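Worksheet for the structure shown next.
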Amino acid sequence: MTQDEMKKAAGWAALEYVEKDSIVGVGTGSTVNHFIDALATMKADIEGAVSSSEASTEKMKALGIPVFDLNSVDQLSVYVDGADEINGHMDMIKGGGAALTREKIVAAVADKFVCIVDNTKEVEVLGEFPLPVEVIPMARSYVARELVKLGGDPVYREGVVTDNGNVILDVYNMKIFNPKALEEQINQIVGVVTNGLFANRGADVLLVGTPEGVKTVKP
């Protein structure tokens, strides 16, 4: 089974967590694209979706899935999204696709976070994948200096502007043993919008595509 086939299996397995007549929170990325394809098969049974990125919004609209603005929605029963890394405590690094802030907002509104990944994303310690930090453009150099003090090697992601008009610093060479504390510490730096650690709001259910099929993990 190829990596993409494992992503597809995880994406389709997430349909089980979609409630009839609900509005579904939808994330961003290659695995989520498979979930969107799956969601389109039951679009008549749901009210619609809230999206965490312009890319996912475009794909859902093209497939005829109604997309709502989050400000018009009081509650989401489920949020389905991928991860760049996830550990055994269901803490994640996300934001490889630069949609981390909107992903974090939609995840905060949802009752349940279902994370869909292939088996290459499971790790014991977070940090092998560089940690994305969304930054107000004028604060880029200051924030980079502060991240160095925390032990990281920040690199400006050139040519990338987030959907919110900000820039991304990718922080390399961090072994993250206390994700919750580091998430809060980085978010306290003036000029940081948010960072790609999803630890204070981790996943509730993990669906992992493996060569043997989809593995379900709950904390």
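Each Cβ is built from the backbone N, Cα and C atoms, and glycine gets one as well.
Residues annotated as active site, proton acceptor in Swiss-Prot, with sequence analysis given as evidence: E103. For T28, G29, S30, T31, D81, G82, A83, D84, K94, G95, G96, G97, K121, the entry in Swiss-Prot reads substrate binding site.
Here the features listed in Swiss-Prot are painted onto the structure.
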| residue | record | Cβ neighbours (10 Å) |
| --- | --- | --- |
| T28 | substrate binding site | 29 |
| S30 | substrate binding site | 15 |
| D81 | substrate binding site | 30 |
| A83 | substrate binding site | 30 |
| K94 | substrate binding site | 28 |
| G96 | substrate binding site | 21 |
| E103 | active site, proton acceptor | 31 |
| K121 | substrate binding site | 23 |
Distance, E103 (active site, proton acceptor) to K121 (substrate binding site) (CA atoms, angstrom): 18
T28, G29, S30, T31, D81, G82, A83, D84, K94, G95, G96, G97, K121 excluded, remaining Cβ within 8 Å of their centroid (substrate): G27, V32, V117
Those binding-site residues of S30, D81, K94 having Cα within 10 angstroms of E103 (active site, proton acceptor): D81, K94
